[in-house]
Each structure stands twice: as structure tokens, then as C-alpha cells.
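A.B. asks: So TrEMBL lists these for the protein:
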BINDING   ASN85, TYR88, GLU89, CYS143, SER178, ASN226, ARG231, SER242, ALA243, LYS244  Mo-molybdopterin binding site
DOMAIN    105-260  domain 'Oxidoreductase molybdopterin-binding'
Amino acid sequence: MLIKKQTSDTIILPSEITPRDVFESRRDFIRRVAIGSIASASVIEMAQREAFAQTPGAQKLAATINPAYASNEKKTAYKDVTSYNNFYEFGTDKDEPAVNAHTLKTRPWTVSIEGEVNKPMVLDLDALLKLAPIEERVYRLRCVEGWSMVIPWLGYSLSNLLKKVEPNSNARYVEFISLADKKQMPAIRFPVLQWPYTEGLRIDEAMHPLTLLTLGLYGEVLPNQNGAPVRLTVPWKYGFKSAKSIVKIRVTKDLPKTSWNVANPSEYGFYSNVNPEVDHPRWSQASERRIGEDGFLSRKRKTLMFNGYNEVASLYAGMDLKKFY
Ligand SMILES: Nc1nc2c(c(=O)[nH]1)N[C@H]1C(S)=C(S)[C@@H](COP(=O)(O)O)O[C@H]1N2
Ligand SMILES: [Mo]
């Protein structure tokens, strides 16, 4: 984690808000053509040339744009999304996952859903891809370190999967367990975190429609460094709650032990809701820098409660969010 003392909590000036530029909206249009919501032979050809000039050879993933999450914020560039990563199994430097994660084998892949459920199951990747219609949702991701990105994720609400396994009356939490394979993940030999990487949500958080079982981004299947082939995206919580390369989902009665909470309980709580009023013990959480737009050290944006996703506020009614950080 970045260790830096933040001194000024700068406020965004209207002049610094980047207008949605023509290039981005054109790209959006081209992508929509490519995923089939607009059809025209000549533009499709153009789309094939341009829209997926991202990772050469990457498998495309068709999705329907979910208008409820079609943000008008400027999206973070694909290059930044895929080269500035936290994925400690592949190294702790931001550029290491992109360099090292090619050793991750994402097929065959299975996810076991088990624990306090009536119908435990093991699903392979094709079953997961078919389980519910894939949507594109543009979510902000706010890392606890003080930076954020805006990413067009592809996936569907995790609730689709949880409903299938039928949580029983003991089901209070959901635990997400990442792959931990020394052969594929070179940095597992360093004891920086408890492996496998484990995260958790309360069952109502896991069932909330915002919680996205994520299978792709920017029109493609997930790049390995972003948590291929399946990860979570929980946009109102700090980024570390969004576990990558998930192999097991366990519904539990008791509060799960999570990797960051075990590593440093005074700094990383179970809830980890984005909250500008609760500072990290070593730095402020009141502001953030947007990757690719703000300067490397400047935090130009005010961080919003729940990262701006106020629809989740009712999940915490009556809770002291300073105590349950
Ligand atoms: N398995 C695993 N999942 C993980 C991490 C990790 O190190 N290992 N890092 C987390 C952190 S701190 C962040 S900010 C996000 C980053 O996701 P991104 O690289 O796709 O932006 O992944 C989260 N999920
Ligand atoms: Mo993070």
C-alpha cells in the first residue's frame, strides 16, 4: 500500500471537470455497434478495426449497456486500467501484474459455490458466462490508497448466482476466495498477505444489485491482471473488497476472515465502505486522484460517501460507520 501523508484535501474546481469528449463518445458508439445493439455493415467493419484495438487477440464479450450505470464521467483509458493494478499474487508494484499475469491459466476454470446453501454447485466458466445476460456497467473503482478509475465492466449482479444456490436460514455472510497457485502466481511465495486472498460481504451486500460478478471490461473478457476469468466489483467499497480470479464462493454463518483485515485489522475493517469522513490511520480518505487525469501526487477530487453510490445507504441504517469501518 502506498504510504503517503496527504495534507490538502483539495476541492474540484468546475474548470477541472473534464467534459465528456467527442472521442470517448465516438468510441462508445463504435463499441455499441460491435456488441450488436446498433447494426450497420460499414460501421461494424470500422468497429472491428478500432474498438477492439486493445489487447490483440483478446476474446470479445458481448454485453447490453445497462443505462442505469452508463456514467457520463470520462472513462479511464484502457491502457491505465490494464497496466496500473493491484494483484499481489503477481507482485506488489502497480506495473507487475500486467507483466507477470500471463502465467495465469484461465481455462479450464471452475467456481465452487458452497456453504450455507441448499444447492451447492460447481460451475465452469461457460456456465457462468451463460447464467444471466451480461451487462456493461460503468463503475468507479476507488482504491483505499487514494486513487480511482472509471471502468466499463461486463457482468451481472451476483444475486443471480446466489439465488441459484439458495442460501439457507444460516446464511449471513459470503466469502470470496481467489486462486492461490504457486506455479501460476509468482508472488505467492512472499508472505505479504494471507493466501489465498480472501474477501467477504454481508449477505445483503452480496445480494445488492450493484454487486457485480464481473467477467470482462471494455468489451473483452477480463485481462489476467484485472482478475480473469471472474472477479467481483463492489463499487461502494474500497477496491480491495473486489476479489480477483475467484475459485470459491462460500456462504457462511460467521463473519469471514478477510486477507486485509487479518494483515492489519486497525487499518482495514470488514466493511471498508468508501467514506471520506473516516481517515485511514496513515492518510486522509477525503479526496482522491483519478488515474490518467490528475497529476501523480494531486488529489483533485473529493471522495464521495459510498463512492457516490447512495442507493446502498439503507443497508447501513442505524450503524455507526466510524466504528464499523
Ligand atoms: N486476489 C486479489 N484480488 C484483489 C487484489 C489482490 O491483490 N489480489 N487487489 C485488490 C485491490 S487493492 C484493488 S484496488 C483492486 C484493483 O483492481 P484492478 O486492478 O482491476 O483495478 O483489486 C482488488 N482485488
Ligand atoms: Mo486497492
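Even glycines carry a Cβ here, placed using N, Cα and C.
All TrEMBL annotations are machine predictions without curation.
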A.B. asks: Between 0 and 100, where does the mean pLDDT of the domain 'Oxidoreductase molybdopterin-binding' (105-260) sit?
C.D. replies: 98
A.B. asks: List nothing but the largest Cα to Cα distance in Å, as a whole number, among the residues ASN85, TYR88, GLU89, CYS143, SER178, ASN226, ARG231, SER242, ALA243, LYS244 that the record says bind Mo-molybdopterin.
C.D. replies: 18
A.B. asks: What count of other C-beta atoms do you get within 10 angstroms of the C-beta of GLU89 (Mo-molybdopterin binding site), across all chains shown?
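C.D. replies: By my count, 28.
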A.B. asks: Does any of ASN85, ARG231, ALA243 have a Cβ within less than 6 Å of an atom of ligand 1? These are the binding-site residues; tell me which, or none.
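C.D. replies: Checked binding-site residues vs ligand 1; flagged ASN85, ALA243.
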A.B. asks: Does ARG231 (Mo-molybdopterin binding site) have same-chain partners at least 6 apart in sequence with Cβ under 8 Å from its own Cβ, and which are they?
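C.D. replies: Same-chain residues close to ARG231 (Mo-molybdopterin binding site) (Cβ under 8 Å, separated by 6 or more) are THR214, LEU222, SER242, ALA243, LYS244, SER245, ILE246.
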A.B. asks: Cβ-Cβ under 8 Å from ASN85 (Mo-molybdopterin binding site), same chain, 6 or more residues apart: which ones?
C.D. replies: LYS94, PRO97, ALA98, GLN225, ASN226
